[in-house]
């Protein structure tokens, strides 16, 4: 009888009968989410009110006009104009020069902090990179100066203001990672990395923005908003350490600290023109942070610094890695100190590739590697082209990509779905979050893997199909993937040894900085960075010559999309990138950070045309060609000058 009843319905009635229950279910779920978000809305509003009040307070306390006659400002600065001139002098110094000026009493900690706060608040008003200021910063600087006056002693980082990625625990501060449910739950401890740097005399003065839940390379969330790239305000600085990179690139901190689970330090460094190094996980272990994926698979979680030069990286890493004082705070970290290489004239064997076998890179990023390799070869170093397909017959590149994405979500997204439950989804991450939440459902994942994704592989994108079908069906599959990962690591090292190379140079990412809407659509980009977390090897990023117009022109004829939807999106994301930072990635074997830094220095010395942003003081020396310049770049040029670096 039921079948006869169904047969009397028209096709449109049948379709409607299937759609309306799904619609009602969607509306119920939407109502539940909005109700839960409403429960946290009060906390969000209270926080945002406090945040703006503290920004105003810091702006007032650091304004040159308010510091006239302040006895803590270094002598010789009696007027607001003199103080502003001194601030600009301070802000033009690199980290090593600023350290020297502080150690030799040219400046004191309080004056330097005021200079950086003054600049950081202005920068933040344009690019929204700071989530919160650290209330104790001025008291900390005053205490440093007072202690020096009494004892004559200074720590190695005396008075250097630094920024902190907001997933690092700091006592009495929330760690929300952009999730409203985590507001008003201040931490009771400070992470050992921040504590060690503070013990050495550095001054943490602000926390910086991250993606909602950390797991993206667009630094945006409903609590703190979207962070803009200081080179182009219409593009992301990357993520998840995007707020850190944006602030440092804009000159708002002496240095910054961040974490890296699948490229979270390296992608922002590449997008913002900075230097960073992701160490082997245990070489610099850091506890008391939100790692993004507690209980993750075989992925090395690393911590490191953002600087403007390799020399600054060497200084900061040399200060903390293997130091007994740091081991007291974090005993799990390796006791092996960073050694200095003496044999600087020794010629090296450098491996390289431009295609990882999974996802091609756009012409600008390919050229960055090819020019760097050619320059090193001209200086007498031997270069050897590598092919990732030759690493393992058992695991070709697409199988390695599947391995990586299973390691990212060993529980098929269950933890991430719980993390996002009841949250308002960020506008730039909606697609990513919805796909993650869908994937943890067994039935949906089964349909995706055996129904939708085989079709997608043929009709849309084999890369999308690979990502969508990366699923651990049960505990046995999860265990097998971890065994495969361990096996691939060994095969990687054997392949490396067979080529007798000292280091590897490869693309830093698949594109330069992308518009905000693309990271959620281009998870395929994470392979070129996440691979080295899965292998748990040192990987650094060094800026090279910026993107040029020829690179952009070649997107049409020099970058094949293969009819692949994701590659088409990738090409779109790379349009209009002329003048933006470009970079290469340097990789070595596990625990060989010293060699990685050495090759990074060689790359830095061979790079030409690298630029640095500098906050504009006074009118622009040259008019901006508004008609032929992207709007986001125009906004950047109104506030920042581009200064050529000389090595």
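All positions are counted from 1 along the displayed chain.
Glycine is no exception: its Cβ is also placed from the backbone N, Cα and C atoms.
Other C-beta atoms found within 10 angstroms of the C-beta of residue 165 (active site, charge relay system) number 30, with every protein chain shown included. The active site, charge relay system annotation in Swiss-Prot covers 165 (among others).
Around residue 240 (active site, charge relay system), the same-chain residues at least 6 positions away in sequence with a Cβ under 8 Å from its Cβ are 165, 167, 210, 211, 214, 215, 216, 217, 219, 258, 259, 261, 264, 292. Residue 240 (active site, charge relay system) carries neither a helix nor a strand DSSP state and counts as coil. Residues or ranges marked as active site, charge relay system by Swiss-Prot: 240 (among others).
Reduced to three states, the DSSP call for residue 264 (active site, acyl-ester intermediate) is coil. According to Swiss-Prot, the feature active site, acyl-ester intermediate maps to 264, an assignment based on similarity to another entry.
Neighbours of residue 264 (active site, acyl-ester intermediate), defined as other CB atoms within 10 A of its CB across all chains, total 37.
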